[in-house]
Every structure is written in structure tokens, then in C-alpha cells.
Amino acid sequence: MTASTPNPKPGYGTLSTSSFGPSTPSRPPSPKKTVAPINITNHADVESPHPSPHSTNPLLSAPQNLSQEHQIESRSLQKGLSQRHLSMLGIAGSIGTGLFLGLGGAVVMGGPLGALLGYTVIGLVVCSVQFALGEVAALMPVTGSFVRHSEVLVDPAMGFAIGWNLVYGNLLSIPSEIVAVCVLVKFWTGDSLNPAAVILPFIALTGGIGMAFVRVFGEVEFVFAMLKILLVVFLIILGLVINLGGVPGTEVIGFRYWQDPGPFVEYIAQGNWGKFLGFWAVMTGAVFSFAGVESLAMAAAETRNPREAIPRAVKRVFARIVIFYGLAVFVVGLLVPSNDERLQGSGDSVAQSPFVLAAAAAGIQGIPSLVNAIVITSAWSAANQSLLAGTRVLYGLALKGQAPKIFLRTTSWGTPYMCVLLFTAFMFLSFLSLSKDAISVFWWLVMLTAAGVLVSWSSILLNHIRLLKAMKKQGISTDRLPWHNWWTEYTSPVGLFMCLLILFTSGFSVFAKGHWDPAKFVSSYLDIPIVLTAYFCWKFLRKTSIIPLDQIPLEEAFEQAEENLSHHNQTFQPTKKTKRWTRFISWIWD
């Protein structure tokens with residue numbers, strides 16, 4: 001079905017409102033303007049045929065349509081990631097210390113059944129987010145992913161606000177992971193080891209991976225993700241064996257702790273209302289355990305055949321994460337009672353891991369050291385994820401004229417090295433851990449963007465809703481989407497409602513009498529005014545407006561997607577049919 005589109009079409013992510021006027025079919029088309037040759041590798045210049053009328057600052061000139069941006073990315077970035085890497089990126093980004101160390105806190109807060117229900121609900125929200133991201137990213141596979149999608153589907157100011165919020169959060173999350181590694185290493189060394197001996201090698205390794213060809217990053221994250229998957233599977237099996245009395249000298253536990261102290265825990269209030277608040281508290285905390293699943297599309301421009309790889313990765317990542325988290329939460333609820341005082345704490349010590357506690361009770365040695373070692377790789381993996389996501393978002397902002405053009409410079413193998421150097425410089429903030437007063441200030445800075453996960457998920461869902469509404473408005477059939485599921489038209493609005501509801505209620509406990517906690521209040525809510533301030537400041541300075549549905553330049557994106565699909569079909573080589581066990585291994589591997 002051929003779509004009818006307004007004429008003239010606004011550019012992709014146009015920064016001024018002058019392009020959003022009413023269409024005038026009688027107006028003759030303007031002559032095509034040529035773009036000067038671009039060499040991002042050696043220069044920071046990006047020529048734009050449509051400089052913004054609101055500024056003469058050369059740092060704010062940017063390409064104004066999809067084809068120009070795609071041309072720049074294809075020249076400066078290299079496609080080094082495959083679908084195998086994308087699948088593991090989502091796994092590595094979401095399975096971290098929250099799974100290995102933090103599940104015990106969820107059981108304490110909500111009880112075994114409350115924790116299981118809380119993670120199940122958030123798992124369904126993650127499903128809506130993942131599939132919404134996959135459908136939009138398959139059509140517009142650009143570096144920066146949903147940040148850049150917001151600029152063309154919603155408002156350029158929204159892309160600016162969310163993009164810089166992500167850059168800020170990732171700049172601080174990397175040194176926070178380094179500090180976490182220092183704490184974890186002390187499990188073996190005590191206080192005798194100088195933290196600088198951990199910090200400097202960590203910075204060198206992380207910066208080196210960030211500066212290398214993106215495939216190196218993909219392979220490193222692939223290995224880390226495999227280690228995490230193997231440990232999760234091992235701990236789940238070990239937990240079931242312990243629960244069923246499979247360890248000599250231990251008795252069968254079964255569902256004992258679901259009966260006493262019970263499936264739910266009263267939190268803040270009494271009775272059923274207190275049990276519901278316990279479940280809700282688990283659900284708000286579970287959001288941050290799933291943080292990172294959206295990162296698999298951040299490097300779409302560096303992915304081979306992204307319109308096929310991203311949807312496949314989305315489906316497999318969702319299935320794996322839900323299975324692993326669901327089983328892990330269920331097993332933890334069987335292993336330890338919700339009133340076990342050893343589960344109380346911040347969740348940053350291996351001694352608080354419910355798997356470690358259960359293994360110690362069964363007399364199994366070596367589990368604490370094994371879990372600690374894998375958690376250290378998890379922290380390193382999280383730092384690598386933050387470096388990839390942050391540098392690619394910053395590159396995308398520079399490409400749109402929302403950051404200095406110096407960040408467009410790349411190496412000959414396609415790494416945005418100026419972005420990496422900026423993030424490496426911020427890694428030295430981890431030396432603040434040497435001072436107690438300085439580290440307190442540092443953690444407050446980190447907490448400013450704790451709610452950024454829900455902000456990002458909300459923007460992903462809003463992008464998808466706007467895409468479908470714009471297609472309907474312009475008469476474009478969903479059959480033209482590279483990947484589409486009919487039910488996402490309903491799950492995206494529901495998911496957006498849940499994300500906003502959780503965002504505004506995530507810190508509800510601080511408003512209860514006797515539960516005021518300034519740190520929790522900051523981490524729950526201060527990111528909201530930060531994002532809104534950035535949004536309205538850019539909107540005021542650049543005179544942007546919400547793009548009308550009938551003026552979103554979809555036809556250009558569809559033409560490019562269909563052209564790439566035609567090229568892929570010409571070079572496609574079908575794979576041989578494999579046996580069932582081989583396909584199962586492939587499901588885990590790919």
C-alpha cells in the first residue's frame with residue numbers, strides 16, 4: 001500500500017519550527033541541495049544543507065534527514081556486532097549484582113510470593129518495552145536508538161533531554177561500578193589492599209575495550225554474559241537440590257517458608273494493605289534489576305543487518321531474562337525465610353546473597369568466592385555497557401547538533417574516540433572512594449539519575465505509540481514495518497501507564513510516618529525535574545515543537561528500510577536445517 005505523505009516533509013529531527021508549517025501542494029519542490037563530502041575520521045565537520053535559522057553557532061549545524069545521518073554513520077562507524085552479540089548485550093546488561101545479591105532483599109520486603117509476583121509484573125512491562133524498541137529500531141537502526149527516535153517521532157527537545165540524562169547517568173555509573181569492585185575485592189583481601197591497585201587496572205581495561213573495535217567489546221560482553229548465564233543456571237539447580245534435600249545431611253525444605261512466616265510480608269502498614277505495599281515495593285525495586293535491557297539497540301548502526309538482528313535479539317533476550325529471573329526469584333523464596341536477619345542490608349556484600357546463605361547452611365564450601373568472582377565480572381560488564389551506551393548516545397547528540405561536533409571524531413576502525421576519552425576521564429572520579437566525605441557526595445550524584453531507567457522506558461514506549469499513530473494518520477500499513485506484532489498496539493500504552501505510575505510512586509515509603517529518607521527521595525524523584533528542565537530549556541532556546549503526526553517523515557524511513565531489505569535478499573544465503581538439540585544450543589548461544 002502506497003502511503004500519502006504531506007509535502008513538504010520535515011527533516012528527520014528538525015530543530016526549528018519553520019519546517020512544521022502546513023503543507024502546500026501547489027508549491028514547487030525546492031532544488032536538491034548538495035552536501036559536501038564528509039570525513040568524520042579526520043575532521044569534526046558535518047556539513048548541513050539546512051542550518052538552523054535560530055543559531056549561527058557552527059557546533060549546532062547538523063544533518064536534517066535520515067539519509068544524511070545514515071550516510072555519516074556508515075562512513076564513520078563500522079559494523080562489528082552480530083545478532084549473537086546483541087542477544088548477549090541484553091543479557092549482560094540486565095543480569096548483575098541485583099540478581100546475585102539483591103533478591104534476598106526482595107524476599108524480605110514482599111515475601112516469597114510477593115517477590116515472585118513483583119518480578120513477574122515488571123517482566124511483562126519489560127516485554128512491552130523490548131518489543132516496542134525492537135519494532136522502532138528495526139525501522140530506524142541508528143546509533144543512540146530511542147534517543148534519536150524521540151527526535152523524529154516526538155520532539156527534538158525530548159531527544160536532547162533524554163540523551164543528556166543518559167550521558168550524565170552513564171558518566172557517573174562507570175566510576176560507581178569501579179567503587180563496587182573495590183568493595184567486592186575486599187571480600188578476599190580485607191582492608192589491606194590499596195584501592196588504587198584496583199582502580200587503575202580497571203580504568204585501563206575498560207578504556208582499552210572502549211577504544212578498540214566494537215567487535216572486541218561484543219566478544220568481551222559475550223564471554224561475561226555466558227559466565228553469568230552459567231552461574232545463574234548453576235545456582236538455580238543448586239538451590240533446587242538443597243531445597244529437595246539432595247545434599248547429604250540436609251532435610252527437605254519444600255514450601256516450608258511459604259507457610260511460615262508466610263507468602264507475603266506486611267510493609268509499612270498492617271493487614272492486606274501492608275502486604276500490597278510490600279508487593280509494590282518489590283515491583284519498584286525490580287525495575288532497576290532489569291535496567292540495561294534497552295542497551296542492545298544503542299549500537300544499531302554498528303550492527304550487521306540490524307533490521308533482522310535486533311528483532312531476533314529482542315525476542316530471545318526477553319525469554320531468557322524472564323526465565324532466569326523468574327526461576328531465580330522462585331528458588332530464593334524456597335531457600336531462605338523472609339524474616340532471616342542475614343538478608344538485611346544494602347545488598348552489596350556476598351555474605352547477603354541468599355544462594356550463599358543456603359549453600360553455607362548445607363555445608364557447601366567455595367560458593368561465596370565463586371559468586372564474588374562472577375559479581376566482579378558483572379560490575380566490569382556493567383561499566384562496559386555504560387561506556388558503549390553513553391558514548392553512542394553522545395555521538396548521536398553530536399550528530400544532531402545537540403553536543404559539540406568534536407565528539408563526532410572516530411578512529412579508522414570506527415570508534416568515537418573523543419567520546420571514549422571523555423568517559424575515561426570521568427572514571428577517575430572513582431578515586432573519591434579514598435575519602436569518606438567525597439564518596440558521600442559522589443553517591444548523591446549517582447542517585448540523581450536512578451529513576452532514569454523508567455524515564456528511558458517511558459520514552460521507548462511513547463516513541464512506539466507515536467510511530468503507530470503517525471502511520472495510521474498517514475495511511476501507511478503496518479505490513480510495511482520490518483517487524484511488527486499486532487498486540488504491541490495495546491501493550492505499549494499499558495506499559496507506558498505502568499512505567500509512569502511506578503515512576504511517581506517508586507519512593508512512596510518516604511512519605512510514610514517515620515520512614516523519611518532523603519537519599520531515597522533523591523534517587524526516586526529528582527531525576528524528573530532534571531529531565532523536564534533540560535526539555536524545556538532546549539525547547540525554549542531552539543524553538544522546537546511537538547511534531548504533528550502527519551508531518552513525521554516516515555516515508556523516507558520506509559524507503560530506506562525496503563532498499564536495505566532488497567539488498568539483503570539479493571545477498572542472503574539460507575542456512576542448513578539443524579537438529580533439535582543444535583537449535584536449542586543455538587537459542588542459548590545466539
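Quick reminder: no glycine exception, Cβ is built from N, Cα and C everywhere.
What TrEMBL says about this protein:
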- 14-24: compositional bias 'Low complexity' (COMPBIAS)
- 53-77: compositional bias 'Polar residues' (COMPBIAS)
- 85-545: domain 'Amino acid permease/ SLC12A' (DOMAIN)
- 1-77: region 'Disordered' (REGION)
- 86-110: transmembrane segment (TRANSMEM)
- 116-140: transmembrane segment (TRANSMEM)
- 152-171: transmembrane segment (TRANSMEM)
- 196-217: transmembrane segment (TRANSMEM)
- 229-257: transmembrane segment (TRANSMEM)
- 277-297: transmembrane segment (TRANSMEM)
- 317-336: transmembrane segment (TRANSMEM)
- 356-382: transmembrane segment (TRANSMEM)
- 415-435: transmembrane segment (TRANSMEM)
- 441-462: transmembrane segment (TRANSMEM)
- 490-512: transmembrane segment (TRANSMEM)
- 524-541: transmembrane segment (TRANSMEM)
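Tertiary neighbourhood of the transmembrane segment (490-512): same-chain residues 121, 125, 127-129, 131-132, 267-269, 277, 280-281, 283-284, 287, 451, 454-455, 457-458, 461-462, 464-465, 468, 520-521, 523-525, 528, selected by CB-CB distance under 8 Å and a gap of 6+ residues from either end. Non-local neighbours of the transmembrane segment (317-336) in the same chain are 86-87, 90-91, 94-95, 99, 103-104, 106-107, 111-113, 115-116, 119-120, 123, 126-127, 130-131, 229, 232-233, 235-236, 239-240, 242-243, 253-255, 257-258, 289-290, 293, 296, 343, 354-355, 357-358, 588; each lies 6+ residues outside the stretch with a CB under 8 Å from one of its CB atoms.
By the Cβ criterion (under 8 Å, sequence separation of 6 or more), the transmembrane segment (356-382) is in contact with the transmembrane segment (229-257), since 3+ such pairs are found. Across all of the domain 'Amino acid permease/ SLC12A' (85-545), the predicted model scores a mean pLDDT of 87.
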